[in-house]
Amino acid sequence: MTTLETAINAAREAGALIREKAATTKQVQFKSSAHDLVTQVDQAAEAMIRKRILENHPEHAILGEEGVAAGVDASKAALEENRSHEHLWIVDPIDGTTNFVHGFPMFCVSIAYAHHQKVTTAVIYDPMRDELFTAEKGRGAFLGNRSIQVSSEKVLEESLVATGFPSGDRGVRRRNVERILKISPRCRNLRAGGSAALHLAYVACGRLSAFWELELNAWDLAAGSLLVEEAGGKVSDTAGSPYDIGVRHILASNGRIHSLLLDELKEAGATGFEEL
Ligand code: IPD
Ligand code: CA
Ligand code: CA
Ligand code: CA
């Protein structure tokens, strides 16, 4: 079985469980804080995905969010421990757990496979809309069977841009306010839907012109970044350095407005307001 077939099967299988449980009462536990949630469904979905991957690729390593201790330091350490594996799967069983808990229907399964630290296979599955986004390095990006491309806006005034607010650390939310104050008046409008991976998939298919967020983890970004690149877009960190699986501050766009947004983000980061 190819890595793409494995990822699709695992994402659909976990997605069916998530859809089935979406309308039920969830048992919620706190991770690093009361803003950082996990449910039994996150854990069960991750277990399903791990089982499927190891059945088909027993030699491969897996970095999955719910297998890592809570908090930024543990997440960074887990990536460093795993990044040198030749075959590494990077899994977020539910991206958008807060939405899942509240019944806000914007969450997805995100599965990436990286060969020597480069993501080559990406699957993002939205179980509520039954939308399957897939990409393979050098082979384009797809929504179902349809090839997808990023949007064509060239100016911020015509761009729909999204951002997000990390679950764990409220200081980072404050830091993002200044970026919002700069970008929001310049773009057509701003969205914050609460699923980084789905926002990246939406950049890939042109529903969003761009997405940025601070302090994300490898499992939030790995699959979505390949989708955006294969759909003709651009992915970097918020200072403009190329995407790598260790990037935490992300900017993904249709490419045409990338440098305009980078200028805004760099300026916002330089004022010191973010220390508030
Ligand atoms: C979260 C979502 C959210 C983002 C947070 C992430 P999770 O992932 O992507 O949109 O703002 O930073 O942690 O915890 O729901 O998998
Ligand atoms: Ca989480
Ligand atoms: Ca996530
Ligand atoms: Ca998650």
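Every residue, even glycine, has its Cβ placed from backbone N, Cα and C.
Non-local neighbourhood of Ile94 (Mg(2+) 1 binding site): Ile18, Thr39, Val41, Asp42, Ala45, Phe100, Phe107, Cys108, Val109, each in the same chain, at least six residues away, with C-beta under 8 Å from its C-beta. Annotation note: Ile94 (Mg(2+) 1 binding site) sits in a strand segment as assigned by DSSP. Residues or ranges marked as Mg(2+) 1 binding site by TrEMBL: Glu65, Asp92, Ile94, Asp95.
The Mg(2+) 2 binding site annotation in TrEMBL covers Asp220. Taking the Cβ of Asp220 (Mg(2+) 2 binding site) as centre and 10 Å as the limit, one finds 26 other Cβ atoms among all the protein chains shown. DSSP assigns Asp220 (Mg(2+) 2 binding site) to a helix.
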Original post:
Relative to the mean position of the Cβ atoms of Glu65, Asp92, Ile94, Asp95, the recorded Mg(2+) 1 site, which additional same-chain residues have Cβ within 8 Å?
Top reply: Asp42, Glu66, Val91, Pro93, Gly96, Thr97, Cys108, Val109, Ser110, Ala197, Trp219, Asp220
Original post:
Including all protein chains shown, what's the count of other C-beta atoms within 10 A of the C-beta of Asp92 (Mg(2+) 1 binding site)?
Top reply: 33
Original post:
Do you know which of the binding-site residues Glu65, Asp95 has the most other C-beta atoms within 10 angstroms of its C-beta?
Top reply: Asp95
Original post:
If one measures from the C-alpha of Asp92 (Mg(2+) 1 binding site) to the C-alpha of Asp220 (Mg(2+) 2 binding site), what distance in angstrom results, rounded to a whole number?
Top reply: 7
Original post:
Where Asp220 (Mg(2+) 2 binding site) and Glu65 (Mg(2+) 1 binding site) are concerned, what is their Cα separation in Å, rounded?
Top reply: 9
**OP:** Determine the binding-site residues, out of Glu65, Ile94, Asp220, lying near ligand 4 in the sense that the CB is under 6 Å from one of its atoms, and give them in sequence order.
**Re:** Glu65, Ile94
